[in-house]
Amino acid sequence: MPDQHPVFRRVLLKASGEALMGEQKFGIDVSVADRIAADISEARSMGVEVAVVIGGGNIFRGVAVASAGGDRVTGDHMGMLATVINSLALRTSLMKMGIESVVLSAIAMPEICESFSQRQATAYMDQGKVVIFAGGTGNPFFTTDSAAALRAAEIGADALFKGTQVDGVYSADPKKDPTAKRYERITHAEVLQHDLAIMDTAAIALARENDIPIIVYSIHEQGGFGEILRGGGRCTIVSDK
Ligand SMILES: Nc1ncnc2c1ncn2[C@@H]1O[C@H](COP(=O)(O)OP(=O)(O)O)[C@@H](O)[C@H]1O
Ligand SMILES: O=c1ccn([C@@H]2O[C@H](COP(=O)(O)OP(=O)(O)O)[C@@H](O)[C@H]2O)c(=O)[nH]1
């Protein structure tokens, strides 16, 4: 039986926007948001503080505008707004479960949610609230993976969990290469050196510089988050230690 004690005290969960679609082709499947909220609830019941960054890929990606001949910066603004929509959906799911949560946006929109500040974020976390960081980094040409690494560093997270479509880091994209091998552990430097495209390089580099391990696991695995927090589960640990 795995150790019941959490390995981490405070974590940042990066939840894939694309996963929020569920079986749909676009938008938000509320049952997926509810399941992610249940995973967060389990982590909290283990005494782990959780902050969240959600992607926007289920609604909009900036590159889609650029590749259609439009302006990339405008496309990225649209993508960042998509992450706000997803953040509000997750807050709704958490509220339904009776979990206090707050959305802090990198882009000011006071009628909808509070603006991000590092001090406010850590104050809310200290009060036991789940903090959802919306709007990415607030800057175009970045991704929510980079936002996740940045916010993880700012709140002093012990680990960055990347809940994604695959169950770890592979020697190549497992969706394209069925012979790709999964790593149990790998260093940040190796991920960068071998160009393993599980996250963008800015995110990996930022996590490395700040000594933050990245744990890559499948967000589709119900209870997977909790299992890893208990010291088991299926994942790849990206760490220099
Ligand atoms: N070396 C690799 N190991 C694992 N996944 C990889 C790798 N290279 C590319 N990928 C792809 O990266 C995807 C996850 O990254 P991303 O598209 O940013 O997802 P998310 O929706 O979680 O932000 C996976 O679905 C996988 O197909
Ligand atoms: O700091 C950021 C974070 C996100 N985005 C935009 O928001 C979109 C959605 O984020 P992402 O692609 O990271 O979402 P995910 O792949 O996790 O669903 C991106 O494509 C970008 O257009 C951005 O411009 N700056």
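A Cβ is built for glycine as well, from the same backbone N, Cα and C atoms used for every other residue.
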Co-listed UMP-binding residue [TrEMBL; alongside ASP76, THR137, GLY138, ASN139, PRO140, PHE141, PHE142, THR143, THR144] among GLY47, GLY56, GLY98, GLY168:
GLY56
For THR164 (ATP binding site), the nonlocal same-chain Cβ neighbours (under 8 Å, six or more residues apart) come out as LYS14, SER16, ALA19, ILE198, VAL216, TYR217, SER218, ILE219
THR143 (UMP binding site) to TYR170 (ATP binding site), Cα to Cα, whole Å, comes out at 21
For GLY56 (UMP binding site), which residues of its chain lie six or more apart in sequence with Cβ-Cβ distance below 8 Å?
GLY17, GLY79, MET80, LEU81, ALA82, THR83, ILE85, ASN86, GLY136, THR144
